[in-house]
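Here the structure comes first, spelled out in structure tokens, and everything after it is commentary.
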């Protein structure tokens, strides 16, 4: 069932990578994660045609055309309702994964895509703008669920040395979704007035492929053992996903985690926030998820065309140049995916956020000086590429992976609810606030994003340990001992404490609170 993939040049990652693991990662990402990226960009190209449809529909119903303000409001609602649906989806994901399982949730929620695709695809035939808006809302719900459940599923089926590699596959497909929307939106393809309903509804194709193939693969072994207590199904699932490994050792590790839980019942968000034993994990998830959206990446995408126009790129070529940035997304995502198990999670997040901060400051400088120095226009283009590359190499995908790694089975769904809801709220906030920020601060508005990016990079460097090649139990123990150290620090005189470099991050440790050798991984 699980054939090992042997690619000598890829070393350790491919030594235990099986076809079944790779197939699940591609199927879940292709039919779910890619749709998120596609729906982010799909409404940009046909914006004029959608507004014209809204106007003609109002004229046919009421005999009068819509005012400019009303038309802008309706189109803004069409765009932003996707984020509102995403927030709702992120809030219900915990309930779904507990009831239906990880794979079960991915499969069962495909019905949302078919409903949304049908609504948007037949909206013009039915003369109903409401069908477009409601369809976007439903796709948002699906994306809100997918952004949490897919990394959770992949993180639980992967062996510890492949969690990073598989965990970043969804981010590659998110970039692929954006790029697909940009390419299909070209005038030569679906970027014509008669094709915009098809352009919006083509999302049903990858989801149909996923629905046909994914049910043949097993559920998450951790879910089957820890929450369903089904040892036989767990062994069967592990045999699907492993080529050469000690299955008994993995089962014993899961059972150790199960015994460590005060209850195998999934915690609610409220109980998670009240649990002092995971307060640093929760704070870390909050900061990196908010930072991912407040980094300004959405604002950059919104103003990419304007920046390229200011750089002197001819107007007919801007759509192709913008599509080229989608290639940068995919390349950067691939770099992150194939280096994360060698470099670790922290370098990708620290480097990505730091690069985004530097390039955001560079855009401010370029916009201020481009009137005096013509070459600054090209500097601004390079900074846009740098921000996109920095985002996709780490901050685009690692926060979802880290959310899975920092929590044990009982806490993980609630953690994804917290991270996902803050992610979507921050997304909506940037979209709503940025136009006003840009009007009030002008070119200096990007300094706000630069400050946020650098601050998140510093927090990751100081507070988040490296989780590469560690089991969920070992990661939990790292934070537990960090918590004990910090409590000891508040009760002990500073002269009795020493600073020690451990596990890739700085931690304050009392002489009597040394790490046991059994809690670290060779």
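Quick reminder: no glycine exception, Cβ is built from N, Cα and C everywhere.
Just so you know, TrEMBL annotations are computer predictions that nobody has curated.
Among the features that TrEMBL reports, domain 'Major facilitator superfamily (MFS) profile' is placed at 25-468.
Nonlocal intrachain contacts for the transmembrane segment (17-38), taken as residues 6+ away from its ends with a CB within less than 8 angstroms of a stretch CB, comprise 1-5, 106, 110, 113, 139, 142-143, 146-147, 149-150, 153-154, 157-158, 162, 165-166, 169-181, 203, 206-207, 209-211, 213-214, 217, 240-243. Feature annotation from TrEMBL assigns transmembrane segment to 17-38 (among others).
TrEMBL lists 73-98 (among others) with the feature transmembrane segment. If one looks beyond the transmembrane segment (73-98) by at least 6 residues along the same chain, the residues whose Cβ comes under 8 Å of a Cβ in the stretch are 39-40, 43, 47, 50-51, 54, 66, 105, 108-109, 129, 132-133, 136-149, 152, 223, 227, 266, 268-269, 413-414, 416-417, 420-421, 423-425, 427-428, 431-432.
Annotation source TrEMBL lists transmembrane segment at 105-125 (among others).
Beyond the ends of the transmembrane segment (131-153), by six or more residues, the same chain brings 24, 28-29, 32-33, 35-36, 39, 43, 50, 53, 74, 77-79, 81-93, 96-97, 102-103, 105-106, 109, 112-113, 115-120, 122-123, 167, 170, 200-201, 203, 220, 397, 400-401, 403-404, 412-413, 416-417, 419-420, 423-424 to within a C-beta distance below 8 angstroms of the stretch. Taken from TrEMBL, the feature transmembrane segment covers 131-153 (among others).
Under the heading transmembrane segment, TrEMBL lists 165-184 (among others).
For 196-217 (among others), the entry in TrEMBL reads transmembrane segment. Within the chain, the transmembrane segment (196-217) has long-range Cβ neighbours (under 8 A, six or more residues past its boundaries) at 20, 23-24, 27-28, 30-32, 34-35, 38-39, 42-43, 45-46, 49-50, 53, 103, 106-107, 110, 113-114, 116-118, 120-125, 132, 135, 139, 184-185, 190, 240.
Non-local neighbours of the transmembrane segment (280-303) in the same chain are 40-41, 272-273, 349, 353, 356, 360, 384, 387-388, 391, 395-396, 398-399, 402-403, 406-407, 411, 415, 418-420, 422-423, 426-427, 429-431, 434, 438, 445-446, 448-449, 452-453, 455-456, 459-460, 463-464, 479, 482-483; each lies 6+ residues outside the stretch with a CB under 8 Å from one of its CB atoms. For 280-303 (among others), the entry in TrEMBL reads transmembrane segment.
The transmembrane segment annotation in TrEMBL covers 323-341 (among others).
The annotation transmembrane segment is assigned in TrEMBL to 348-369 (among others). Residues 288, 291, 295-297, 307, 336, 339-340, 376-377, 379-380, 382-384, 386-387, 389-391, 393-396, 398-399, 402, 443-447, 449-454, 456-457, 460-461, 464 of the same chain, all 6+ positions outside the transmembrane segment (348-369), place their C-beta atoms under 8 angstroms from a C-beta of that stretch.
Taken from TrEMBL, the feature transmembrane segment covers 375-402 (among others). Counting same-chain residues at least six beyond the ends of the transmembrane segment (375-402), those with a Cβ under 8 angstroms from any Cβ of the stretch are 147-148, 151, 155, 163-164, 167-168, 170-172, 174-175, 284-285, 288-289, 291-292, 295-297, 300, 304, 307-308, 310-312, 325, 328-333, 335-336, 340, 345, 347-356, 358-360, 362-363, 365-367, 369, 419, 423, 464, 467.
Feature annotation from TrEMBL assigns transmembrane segment to 414-437 (among others). Long-range contacts of the transmembrane segment (414-437) within its own chain (CB-CB distance under 8 A, at least 6 residues past either end) are made by residues 79-80, 83-84, 86-87, 89-91, 93-94, 144, 147-149, 152, 266-269, 271-273, 281-282, 285-286, 288-290, 292-294, 296, 298-299, 302, 399-400, 403-404, 406-407, 445, 448.
Per TrEMBL, the feature transmembrane segment maps to 443-464 (among others). Using a Cβ-Cβ cut-off under 8 Å and counting only residues 6 or more beyond its ends in the same chain, the transmembrane segment (443-464) has close neighbours at 280, 283-284, 287-288, 291, 294-296, 299, 345-346, 349-350, 353-354, 356-358, 360-361, 363-364, 367-368, 402, 434, 437, 505-506.
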Remark   = Per the Cβ under 8 Å criterion, with at least 6 residues separating them from its ends, the transmembrane segment (165-184) contacts 13, 17, 21, 25-26, 28-30, 32-42, 44-45, 147, 150-151, 154-155, 157-158, 190-191, 199, 202, 319, 322-323, 326-327, 329-330, 332-334, 336-338, 340-341, 392, 396-398, 400-401, 404
